[in-house]
Amino acid sequence: MQGTARRRPFPVVAPGAPQPAGTLYPGRHGAVKNEDTFKTSPFHLDLWFYFTLQNWVLDFGRPIAMIILPLEWFPLNKPSAGDYFHMAYNVITPFLLLKLIERSPKTLPRSMIYVSIIMFVMGASIHLVGDSVNHRLIFSGYQHHLSVRENPIIKNLKPETLIDSFELLYYYDEYLGHSMWYIPFFLILFIYFTGCFTPVEEESRMPVAALLLMGPSSLYYWYLVTEGQIFILYIFTFFAMMALVMHQKRKGLVLDSNGLFLFYSFIITLVLIALWVVWLWNDKILRKKYPGVIYIPEPWAFYTLHMSNLHTAKESL
């Protein structure tokens, strides 16, 4: 037909014959390399270890560092040690997430990854400011197991509009910051998880190092879900993983070692959350702060209620 450009046909290869290197096949989101169909990925011991280490030190450890280090080193009107931990976390974690995506044996949607990383950094940075002020208030007698307006050091503020400002700070810390931080984080993990399938049954095994890392990793996810109050986000991500596993199983695909590590970590996390809820089920004070159908107390609320021996800040500070 005149005026119609001739299309270059895709190479036809007999079944079982080796595919030409670099051959591209059309897909819904563009061309996909044929290597993606066959490449598998060994267990990323270095990345998972770095993830676990920096999560425990820079995230879980930041409020602990703020409390145990002498107050003279980090005055209340200056950033605390935990704030510097948080700054390091905001830089290192996006880098590790990008390196994890780079090692995926599948071609993943890069644009979504980059937008998610940007949102992650924004949310974690918002949380840095709010969390810094909220944790510094502990030294002045602020109690995390009470709401903002019920705290003795807050409800007597004059003028009362200052209480609204503290509630705004709490909103940025616990709601907006957490949403912009954790939604991209779990989305990136799930996107990576979609590429962790292989047709080779022998590759669906975890090395001993993975089994050793699974405990600390699961315990951190427990802390992340309970302290971040993101159980809904976590459980939907977990259900999506389960649905994907069942769907891929029908195609004869199984999880590789990295996928198994992530999937089993989420399962153990769910068990830990259930044990945590059962343990504190009859706590009337925490029940008052966390009403509603989903009752999952924050570890720091439990700490300030039952374990904290902090004193109010001295008048000289």
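Cβ from N, Cα, C; glycine included.
Not measured: the values here are computed from a predicted model.
Residues or ranges marked as transmembrane segment in TrEMBL: 47-69 (among others). Residues 80-83, 85-86, 88-89, 92-93, 96, 99-100, 103, 135-136, 138, 209-210, 213, 216-217, 220, 223-224, 258, 261, 300, 310 of the same chain sit 6 or more residues outside the transmembrane segment (47-69) yet have a Cβ under 8 Å from a Cβ within it.
Sequence annotations record features per position, and here TrEMBL assigns transmembrane segment to 84-101 (among others). If you look at the transmembrane segment (84-101), the same-chain residues 6 or more away from its ends with a CB under 8 A from one of its CBs are 44, 47, 50-51, 54, 57-59, 61-62, 65, 108, 113, 117, 120-121, 124-125, 127-128, 131-132, 185, 188, 191-192.
What TrEMBL lists as transmembrane segment is 113-130 (among others). Listed by sequence, the residues of this chain that lie at least six past the ends of the transmembrane segment (113-130) yet keep a Cβ under 8 A from its Cβ atoms are 83, 86-87, 89-90, 93-94, 97-98, 101, 169-170, 172-174, 176-185, 187-188, 191.
Residues or ranges marked as transmembrane segment in TrEMBL: 181-200 (among others). Same-chain neighbours of the transmembrane segment (181-200): 40-41, 93, 97, 100-101, 104-106, 108-109, 112-113, 115-117, 119-120, 123-124, 126-127, 224, 228, 230, 233-234, 237, 240-241, 244, 248, 252-256, 258-259, 262-263, counting only residues six or more beyond its ends whose CB sits under 8 Å from a CB of the stretch.
Annotated transmembrane segment per TrEMBL: 230-247 (among others), in sequence order. Beyond the ends of the transmembrane segment (230-247), by six or more residues, the same chain brings 178, 182-183, 186, 189-190, 193-194, 221, 224, 255, 262-263, 266-267, 269-270, 273, 294, 296 to within a C-beta distance below 8 angstroms of the stretch.
Marked as transmembrane segment by TrEMBL: 259-281 (among others). With a cut-off of 8 Å between Cβ atoms, the residues of this chain six or more beyond the transmembrane segment (259-281) that come close are 43, 48, 189, 192-193, 196-197, 204-206, 210, 213-215, 217-219, 221-222, 225-226, 231, 234-235, 237-238, 241, 245, 295-297, 302.
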